[in-house]
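J.: Sharing the feature lines straight out of TrEMBL:
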type	residues	note
TRANSMEM	20-43	transmembrane segment
TRANSMEM	250-270	transmembrane segment
TRANSMEM	282-304	transmembrane segment
TRANSMEM	311-330	transmembrane segment
TRANSMEM	336-359	transmembrane segment
TRANSMEM	371-393	transmembrane segment
TRANSMEM	399-419	transmembrane segment
REGION	445-465	region 'Disordered'
Amino acid sequence: MRDYDELISFLGEWGPFQRLIFFLLSASIVPNGFNGMSAVFLAGTPEHRCRLPPSANLSREWLNASIPREVQGGREGPSRCRRYRLESLANFSALGLQPGRDVDLSQLEQEKCLDGWEYSRELYLSTIVTEVWQKEYSLCNHGSADWLQFCADLLYQLGDVHSAVSYSWHGTDLELRGGLHSGVIPESPRWLISQGRFKEAEIIIRKAAKTNGIVAPAMLFDSTEMQDMKLQQQQQQKAYILDLFRTRNIAVITVMSLLLWMLTSIGYFGLSLNTPNLHGNAYINCFLSAIIEVPAYVIAWLLLRTLPRRYSISGTLFLGGGVILFIQLVPTDLHILSVFLVMLGKFGITSAFSMLYVYTSELYPTIVRNMAVGATSMSSRVGSIIAPYFVYLGAYDRFLPYILMGSLTVLIGILTLFLPESYGNPLPETFDQMLRVKGFRNRQRTNHVRSSKEIEDSKTQITPL
C-alpha cells in the first residue's frame, strides 16, 4: 500500500495552489501581531511622579524639590513612588527656607504618593495605566499592566485549548506538501484519509492538481488501498489528549516539547514587551524589534530546508540566550551596543520559535498531530503570561530579566538536543512510527539483550533432585 507522500507526489512540492493558500493564510495571521503586541503601547507606563494637590501652598523652589531623586535603570531621575512629606515642605516654605541651602533634603521624611500621580505625555498621550489604574496600580505596586497581557493571553489559551482537542486544518499544508509548510484553508487530505473520508480528500487533491496545471491520475485510490486503510482505521482507536502521554517515549517527547515551547515563548515575549524599557525612543525600538523578525524567518526557512531540526533550533536558541546573557557585561554608557544585543537575541529566539511549528508537526503521527501542536501552543501561551513578570523584575535590577531569560533559553537549547531528529524522515502515520528520544533505543536494546541472556542462563542451570 502506498503512503500518503507517494500518493500526492504528482502535485509537486510548491505549486500555485500551495503558494496561494500559504500566502492567503499568512495574510490572515497579520492582525494577530497587532493584538498580541498591542500591550507594549496600550499598557505602557509613562514617566510619572507624585502629584501635589492644588491646595499645597509651596514656593516655586519647594515645588521643584518636592520629589526625591533616585537612580532607575542606571539613570538618575525623580522618584516614581515617593515624595517628601508635604506638611514639612509647607512649613519650610512658609518660613522662607531654601531647599539644599537651608534644609538638607536627604534628612527629610518621605511619604507615599497620597494624591495620585502626574504622568508625562511626551511618549504616550494615554494608556491603561494613566486612565484606569492611576491610584491603585501604579508601577510602584508592580503589576498594573500584567492584567491586560493576562486577559489577552487567556483568550489565546482558550483558542489553543480548542485546537488542542480538534482535528481541523492545522498542519494541513505541511501534510499537503509532504513536509515543509504548515496551515492551509481546506481540510487536511491526510487527515481525511485517516478518517476514511476518501471522497472529500480526492476532491481537494484534484482541485490542487487543477490549480497547479497538473493532470491527476484517473484513479487516486484503488479499492484494495481503501479496503486496507478502512481495516487499519477499524483497528485504530480514536485519539484523545492523553494519547500524548500513552507511552514513556511519547510522554518524554511531549513534556520536553511543552517545556521547549513555554521557555521559548518567555524569551520571545519577554524581549518584545521589554522594548519600551530600552534606551532611546520606544517607537523606534519596537520597530527594530519587529523588523528583526523578517531576517529571522528567512534564516529559519533556510535552516529548515538544509539542516537537521534539532541543531537548527538548538543553535538559534544558543545564539539568542548567549547574547542576552552578555548584555550584563556591557558598560552602561554603550546604549547602542545593548540595543544591538537585545535585537540579536530576539533574532535567535524568533528563528527558533518559528521552527517549532514545523518540528512539532513532524514528531507526531497524523491522528494526534493537530492535538500536539495545539497543546504545545497552549504551553507557549503560559509562557507569554509569565513573560511580563520577567520584565517587571527589571524594577529591582535592570539586568535580572536578561539573566533569567538568557539562562532559560540556553537551558532549553541544550534540552532540544535530546529530542528525536525528524529531518529527512517521512511524516509518521502511527504511534509506532514516531521516532524515539535520543538514548531510549539503545537503553531498551540493552535491557532486551540482558533479558535474553538471563533466559539462556536459566536454561543451562541444573535443577537439583
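Every residue, even glycine, has its Cβ placed from backbone N, Cα and C.
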J.: Between the transmembrane segment (282-304) and the transmembrane segment (20-43), are there at least three Cβ pairs closer than 8 Å, leaving out pairs fewer than 6 positions apart?
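T.: Counting Cβ pairs under 8 Å (6 or more apart in sequence), the transmembrane segment (282-304) reaches the transmembrane segment (20-43), since there are 3 or more.
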J.: Cβ under 8 Å, sequence separation of at least 6 from the ends of the transmembrane segment (336-359): give me the contacting residues as numbers and ranges.
T.: 174, 180-182, 260-261, 264-265, 267-268, 271-272, 274-275, 278-280, 285, 288-289, 292-293, 295-297, 299-300, 303-304, 309, 312-313, 316-321, 323-324, 326-327, 330, 373, 376, 406, 409, 413, 422
J.: Counting only residues 6+ away from its ends, which parts of the chain sit with a Cβ under 8 Å from the transmembrane segment (311-330)?
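T.: Here the qualifying positions are 260, 264, 267, 271, 299-300, 303-304, 337-338, 341-342, 344-349, 351-352, 355-356, 359, 399, 402-403, 405-414, 416-417.
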